[in-house]
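Now, the feature entries from Swiss-Prot:
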ACT_SITE  Cys135  active site, nucleophile
BINDING   Thr134, Cys135, Asn136, Arg137, Ser194, Glu199, Gly200, Gln201, Gln205  substrate binding site
BINDING   Gly276, Ala277, Gly278, Lys279, Met280, Gly281  NADP(+) binding site
SITE      His184  site 'Important for activity'
TRANSIT   1-48  transit peptide
Amino acid sequence: MMASTTSATAAGGAFAAAKTRAGSSAAGGGACARVAAGGRRRSGVVVRCDAGVEAQAQAQAVAKAASVAALEQFKISADRYMKERSSIAVIGLSVHTAPVEMREKLAVAEELWPRAISELTSLNHIEEAAVLSTCNRMEIYVVALSWNRGIREVVDWMSKKSGIPASELREHLFMLRDSDATRHLFEVSAGLDSLVLGEGQILAQVKQVVRSGQNSGGLGKNIDRMFKDAITAGKRVRCETNISSGAVSVSSAAVELALMKLPKSECLSARMLLIGAGKMGKLVVKHLIAKGCKKVVVVNRSVERVDAIREEMKDIEIVYRPLTEMYEAAAEADVVFTSTASETPLFTKEHAEALPAISDAMGGVRLFVDISVPRNVSACVSEVGHARVYNVDDLKEVVEANKEDRLRKAMEAQTIITQELKRFEAWRDSLETVPTIKKLRSYADRIRASELEKCLQKIGEDSLTKKMRRSIEELSTGIVNKLLHGPLQHLRCDGSDSRTLDETLENMHALNRMFSLDTEKAIIEQKIKAKVEKSQN
């Protein structure tokens, strides 16, 4: 995929539109269509950051109609194993492709990531897996032994978990494969695919995926390396482009939105309530301070986290209220920020109706700003006359500020992304020949051991001392190593010589043919067979 420049808003329902006009672009069977230089594709959508709004809309419409989405393509692909190595893929949805109502049904709490990874890697065609679930996205990264079968299994897993029919999910899911999947992760880590372009919290979330995956054992060598390289890319982009300067985060956008909805004359006197003292909640307090707020009430399950925030932030009065007093605290607040991991709503229409009215000076409306996924505040709360609800999908009007400057920096960031992508691809390409190297060594060693045994029998082992036997074994090993040195040198693909990847792969295939070595395709099929047998036991 060519260099991309900004996070694109993928159009829901792209699959249906693509079916009728995508025949020519789908030819060739590639999972991901190429896009024009300076563009970016997500579910068949390309956006250029150097184009105007009208040009962007036109580009989106053309790309959507001209591309068969990967999820549609995998359904019509030949249902057999065609690749010689496993495929890396990402499948998921984000704020760009799906509403919060759908994202919250698929959200996976951080403490459940290891369990999700274990379930995914137990699928017949999934070798490695990682889950990245935040308020703005739910993405599953996998190494699939068969990419079309593996993706089908992942979609079925997502459908079963969320209760959403697979056909409905496909209207909002995107899927990327191999280098496109890797580039996407690098862009996510760099903040280029965020609702808030350049925001920094996503990098910490990518780091947490690595820590969580290492504990569960699901991050095999491919995904582990890919995520670590994504962290490197994210750090480089922030250091070398300064893209985060002036950027807003979800928490700061939430504060900004609340202040936009309050009467200007009453912004600083509004009574602020925060429910949840986690990372996002802490950032809400930080940005309230930056806006001049002098007091905030914090409701949390335990007082320890609130004390830690109070100790760190001396410029604001923080009042702690236990969770049992949440509704009493809400009755005394003009603005309620919610940021908890609760999977059920904390506030329903009935709760909001029971709260007292707000003074006319504050606009007569209590504001609920919900930055949790799953949502902490039911959408029907807005049906109450003196209440309004805003969730993460409502932050878009805030993040437009300073966007043009960050888009220019995003273009600079693509150079770094491409450099890190090439490094990862070179590393992965170097693994291509590893199975052949192992099989060739094993083949040669079997012959060596067999011929050595014949030789020792002819000589008579009783007539040999231990030293003589060891010398003969070392001689046979040395001869094999010398003979293999040349062929194995021609299988190196680490950039240490002038050989291209194509030349190295030609050498690999030649050795496989000459020595009748098992192909990597056979190894993949053996892995699948082993997983199927294990699941049946």
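Including glycine, each Cβ sits where the backbone N, Cα and C put it.
Between the CA atoms of Gly281 (NADP(+) binding site) and His184 (site 'Important for activity') there is a gap of 28 Å. Ser194 (substrate binding site) has a Cβ environment of 25 other Cβ atoms inside 10 Å. Between the binding-site residues Asn136, Gln205, the minimum number of other C-beta atoms within 10 Å of a residue's C-beta occurs at Gln205.
DSSP classifies Gly278 (NADP(+) binding site) as coil under the three-state reduction. A gap of 11 Å separates the Cα atoms of Met280 (NADP(+) binding site) and Thr134 (substrate binding site). Neighbours of Met280 (NADP(+) binding site), defined as other CB atoms within 10 A of its CB across all chains, total 22. Summary of the substrate site environment: with the site residues Thr134, Cys135, Asn136, Arg137, Ser194, Glu199, Gly200, Gln201, Gln205 set aside, the chain residues having Cβ atoms within 8 Å of the Cβ mean position are Gly191, Leu195, Val196, Ile202, Val250. The Cβ of Ala277 (NADP(+) binding site) lies under 8 Å from the Cβ of Val298, Asn300, Arg305, Val306, Ile309, each of these being in the same chain and 6 or more residues away along the sequence. Cβ packing within 10 Å was compared across the binding-site residues Gly200, Gly276, Gly278, Gly281, and the lowest neighbour count falls to Gly278.
Taking the C-alpha positions, the distance from Asn136 (substrate binding site) to Gly278 (NADP(+) binding site) comes to 17 Å.
Of all Cα pairs drawn from Thr134, Cys135, Asn136, Arg137, Ser194, Glu199, Gly200, Gln201, Gln205, which the record names as binding substrate, the longest spans 15 Å. The NADP(+) site, placed at the center of the C-beta atoms of Gly276, Ala277, Gly278, Lys279, Met280, Gly281, has further neighbours from the same chain whose C-beta lies within 8 angstroms: Leu274, Lys282, Leu283, Val284, Arg305, Ser339, Thr340. With a cut-off of 8 Å between CB atoms and residues at least 6 apart in sequence, the same chain places Val90, Leu176, Asp193 near His184 (site 'Important for activity'), listed in sequence order. The local packing around Lys279 (NADP(+) binding site), expressed as other Cβ atoms within 10 Å of its Cβ over all shown chains, amounts to 12.
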